[in-house]
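A.B. asks: Quick one: this structure, given as structure tokens, is what I'll be asking you about.
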Amino acid sequence: MDVERIVMEHSELAKHTNGRQRKPFVTCDMKEEGSYHIDLEIEEEALLQGSDKEDGRPKLPHGIRAELSNVSLLLFLYVLQGIPLGLAGSIPLIMQSKSVSYKDQAYFSFVFWPFSLKLLWAPLVDALYLRQFGRRKSWLVPTQYLLGLFMLYLSVTVDSLLEGDGHRGPDILTITAVFFMLTFLAATQDIAVDGWALTMLSRDNVGYASTCNSVGQTAGYFLGNVLFLALESPDFCNKYLRFEPKATGVVTLSDFMFFWGIVFLVSTTLVAILKRENCKQSKKKSREETQGVVDTYRQLFSIMKMPSVFTFCGLLLTAKIGFSAADSVTGLKLVEAGVPKEQLALLAVPMVPLQIVLPLIISKYTAGPRPLDVFYKAFPFRLLIGLSYTLLVWWTPSVRQDGGFPVYYYAVVLLSYAVHQVTLYSMYVALMAFNARVSDPVIGGTYMTLLNTVTNLGGVWPSTLALWLVDPLTSKECQGAVGQSCVSPEEAGLCFREGGICVTLLDGYYVESVVCVVIGFAWWFWLGKRMKHLQEENPSAWQCQTVR
């Protein structure tokens, strides 16, 4: 149920221009509002100038056909980036089928944090490199080699890590650490590829880079999540792909990891040998860009000190608390109730056309001067849909049949998911439109990336907290074994060995869902209006002072 959140975390092509800031240097001291100097020079002009000339001669404009190889390479690199994200998204569903605790799920949720924090090291990736090897290849090649090696390591160890030693279950800490490194490397690869896209394509065709980003990441996530879960499921394979039933799926997690590990290593080697970067930087230029790293961090700190930005960031970090239980726990609860994980993953397939059309429709209403009005109006509907998810989880056990779940059950789940997508995209597109509107063009890349990063972080930390609190809020008792309890997994195991059974008296998910919705409506009533009022701020409240 949370597939869309991970895919949408990486949406802006220009997010890593921050390491390439040129003079004049910018600060955001609001004491001298009358002294602003807005430099309207678009930053991409500087970024793309290396692709306009080759051997000192201007390049002639040309169509996309002349650059199909570069577009194909970009698309492939973004597909590779989506694979570890898709695999990371499938692991919680696999672990839930092994009855791990929600505290363990909370530990694993830290795997998804790197894409919400990559602004912290993006300036370093942008400015530090080996000039002889290539600015982007200096990071892309070692990062993808490490991704391939981590996948090969997991192909040998992942089954034992997920099965555990038979007594304590999956080795959550090791699994989390390894997959955290996978997503950290994928986030670093994203920074490098985003930057390379700006010079790999000509000025006429650079707009195709964002298409490669969106399509490639979505396709990679689909391969690593939906396709993998379907092919790994014995029930799905026996029902749709085989004439004779078998106890395992067509592929295993180890096989899948091994295959993509080899793909990463082979493709990275070919890129390192065969692909050359378009523009050459001099040593002087390299030193200037390294100095820009310090400037970038100073600019970030200056932006965050601005009163309007500080208030907006505080609102972004708290706005999604009300959705956390519905977004992060519902899917796991459905798996716990017996819904096949591969069926939940396949529900994302019919949503793809909707996810393509929705931003186009919603953007018509967010293009004006008040995009946050759409955010404010969609907010309560998304909270109510969260409550409907709670009813869906409560209803699920009563619908289950010997052969699984009836078709009408999946139709209800799909309809709930579709309505959820409408409200989610309404809020998402509205926030992106507002971020773009208030970002100061003097340092648009750094400014926009900061706001988008805070937006993403505002969704990640409540999800981790929501998973963490499910078990403490759940009340269970041991029936059939005198003197035993079910407070911890160890005590629950002892209850079972003594001939008892743990019975849930109150599911923490229901408690958490109600509390989150109450908090969400309180936020909407008091702080939501404050967010709307930010649209009425004078444009100078969002602008930075230029120091020459």
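Cβ coordinates are placed from backbone N, Cα and C, and glycine is handled just like the others.
Below are the features I grabbed from TrEMBL:
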{"type": "TRANSMEM", "residues": "75-94", "note": "transmembrane segment"}
{"type": "TRANSMEM", "residues": "106-124", "note": "transmembrane segment"}
{"type": "TRANSMEM", "residues": "144-162", "note": "transmembrane segment"}
{"type": "TRANSMEM", "residues": "174-193", "note": "transmembrane segment"}
{"type": "TRANSMEM", "residues": "256-274", "note": "transmembrane segment"}
{"type": "TRANSMEM", "residues": "306-323", "note": "transmembrane segment"}
{"type": "TRANSMEM", "residues": "343-362", "note": "transmembrane segment"}
{"type": "TRANSMEM", "residues": "374-395", "note": "transmembrane segment"}
{"type": "TRANSMEM", "residues": "407-434", "note": "transmembrane segment"}
{"type": "TRANSMEM", "residues": "446-470", "note": "transmembrane segment"}
{"type": "TRANSMEM", "residues": "509-527", "note": "transmembrane segment"}
A.B. asks: What same-chain residues lie close to the transmembrane segment (106-124): Cβ under 8 Å, and 6 or more beyond its ends?
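C.D. replies: Beyond its ends, the transmembrane segment (106-124) has Cβ neighbours at 6, 9-10, 15-16, 18-19, 85, 88, 91-92, 95, 172-173, 175-176, 179-180, 182-184, 186-188, 190-191, 292-293, 296-297, 300, 328, 449-450, 453, 456-457, 459-460, 463-465, 467-468.
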A.B. asks: For the transmembrane segment (256-274) and the transmembrane segment (343-362), decide whether they are in contact, meaning at least 3 CB pairs lie under 8 A, counting pairs 6 or more apart in sequence.
C.D. replies: no
A.B. asks: Under 8 Å, at least 3 Cβ pairs, sequence separation 6 or more: does that hold for the transmembrane segment (407-434) versus the transmembrane segment (343-362)?
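C.D. replies: Output yes: the transmembrane segment (407-434) sits against the transmembrane segment (343-362).
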A.B. asks: Going along the chain, which residues at least six beyond the ends of the transmembrane segment (343-362) come within the CB cut-off of under 8 Å?
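C.D. replies: That would be 1, 3-4, 90, 93, 218, 222, 225-226, 229-230, 236, 331, 334-335, 374, 405, 410, 413-414, 417-418, 421-422, 425-426, 429-430.
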A.B. asks: Same-chain Cβ contacts of the transmembrane segment (374-395) under 8 Å, 6 or more residues past its ends?
C.D. replies: 1, 319, 322-323, 325-327, 330, 333-334, 337, 362, 365-366, 412-413, 416, 419-420, 422-424, 426-427, 429-431, 434, 509-510, 513-514, 516-517, 520-521, 524, 528-529, 531-532
A.B. asks: State the residues, same chain only, that lie 6 or more residues beyond the ends of the transmembrane segment (306-323) and have a CB under 8 A from a CB inside it; answer 'none' if no residue qualifies.
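C.D. replies: Distant Cβ neighbours of the transmembrane segment (306-323) are 28, 30, 379, 382-383, 386, 431, 438, 450-451, 454-455, 457-459, 461-462, 516-517, 519-521, 523-524, 527, 530-531, 534, 537, 541-542, 544.
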A.B. asks: Which residues of the same chain, at least 6 past either end of the transmembrane segment (174-193), have a Cβ under 8 Å from a Cβ in it?
C.D. replies: 10, 16, 74, 77-78, 80-81, 84-85, 87-88, 91, 107-108, 110-115, 118, 121-122, 125-126, 136, 139-140, 143-144, 146-147, 150-151, 153-154, 158, 161-162
